[in-house]
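Working notes, beginning with the structure itself.
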Amino acid sequence: MSDASLHSTPITGAAAGEPDLRDYFALLKPRVMTLVVFTALVGLVVAPVPVHPFVAAVSILFIAVGGGAAGALNMWWDADIDAKMRRTERRPVPSGRVSPGEALGLGLALSGISVVMLGLASNIAAGLFLAFTIFFYAVIYTMWLKRWTPQNIVIGGAAGAFPPAVGWVAATGGLSLEPVLLFLTVFLWTPPHFWALALFVKSDYADAGVPMLTVTHGPDSTRRHIIAYAVILAIPALAIAATPIGGPVYLISALALNAAFIRGAWIVSRRSTAVAEADHFAAEKGLFKLSLYYLFLQFGALLIDASLRSAGLLPAWGWL
Amino acid sequence: MIRAEHELHRRRRGRNFGVGALLLGFAAIVFGLSVVKITNLGPTEGFDHVARPQLEMRADDPDAGNGG
């Protein structure tokens, strides 16, 4: 649930001072919500406990609403720095379409509704886990780490890594090795994904005074961090293939995608800023794009294996 | 004096209809969830103020008094 996005929030055309529903929806960071919905869906579907389709849909909906609530609280708190960055200056609060109080009220209300509804739809543990996720993103990441340490995106990225585990808990009521590996995959994927973006939009963070790694340690250190994380990321990503939720489709996908991601990160790590500027950060933009495919394809492969398993086309799998 | 059709109503019509749709959707979700939860509970007996011999302890039942 990082702020990573190439796209700024679209202007809705609402008259100044008169927000419409799209402005409130934009507060929920719909692009980030797609990641939350998808990873939570995967966590819920691959869990070994069957869930009624309606309960599953409602659970995913309220996990998404909880993610959106955390986004609204983030926009309320960060309105000052959002106004200084080109990528975020058109968001509802810094642009003046929605007042900070409205963003806070919406974030708190949706937090309460989503936690209670997820608890009622699935189980109390999932509701409490979602509450912790919202707290982690809104308080630990947004209010504390983001402006304090260049490791902000590393620790804050955990908030975006919780949804697949929340989906798993919604289905099973407990945790095991598989959701931990799903969490670690998204957790270790977030920094190189975000730093690849920060390499070609770094001036924005410098203007806003956010201690992004590219600002505090420079692009060369950031490039080394990217390759280190890409290599470590491959460990949980490939370990998933050895658990009962893995399968042949996931194994092949994970091998190919991790090899491609490490290769892309290696290329980025070997480049200097001068070389990158000469070709308009082509490799960095390519790695950022690849990181999006990496997560969606890898988690999509888990869904395919789960479908094959439920259709009886896949024998028992897993060594861990 | 409150007019039935204020300028504010026209200006916020879209938003009000949107909020109305969201509330209806929420009510539908709660209703649907209730139906699913109740129909998936399995056989259920409600207390109906009628003596049910099958629930009374029998003297020859070795589990009687042990929660069995």
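Each residue, glycine too, has its Cβ placed from N, Cα and C.
Caution: TrEMBL annotation is automatic and unverified by curators.
Positions annotated as transmembrane segment by TrEMBL: A:32-49, A:55-77, A:98-118, A:124-145, A:152-174, A:180-201, A:226-243, A:249-269, A:290-308.
Same-chain residues lying 6 or more positions outside the transmembrane segment (A:98-118) and placing a CB less than 8 Å from one of its CB atoms are 19, 23-24, 27-28, 58-59, 62-63, 65-66, 68-73, 75-76, 79, 92, 126-128, 130-131, 134, 138, 166, 170.
Between the transmembrane segment (A:249-269) and the stretches A:55-77, A:152-174, A:226-243, A:290-308, Cβ pairs under 8 Å are most numerous for A:226-243.
Residues 35, 38-39, 41-42, 45-46, 164, 185-186, 189, 192-193, 196, 237, 240, 245-250, 252-254, 257-258, 260-261, 264, 314, 317 of the same chain lie 6 or more positions beyond the ends of the transmembrane segment (A:290-308) yet place their CB under 8 Å from a CB of it. Only residues 6 or more beyond the boundaries of the transmembrane segment (A:55-77), in the same chain, are considered here, and those with a CB under 8 A from a CB of the stretch are 1, 3, 27-30, 32-33, 36-37, 40-41, 44-45, 91-93, 100, 103-104, 106-111, 113-115, 117-118, 121-122, 126, 130-131, 133-134, 137-138, 141-143, 159, 163, 166-167, 170-171. The list of residues near the transmembrane segment (A:152-174) in space but at least 6 beyond its ends in sequence, with Cβ under 8 angstroms from a Cβ of it, reads 1-2, 32, 35-36, 39-49, 51, 56, 59-60, 63, 67, 70, 118, 121-123, 125-126, 129-130, 132-133, 136-137, 140-142, 145-146, 180, 182-187, 190-191, 194-195, 210-213, 299.
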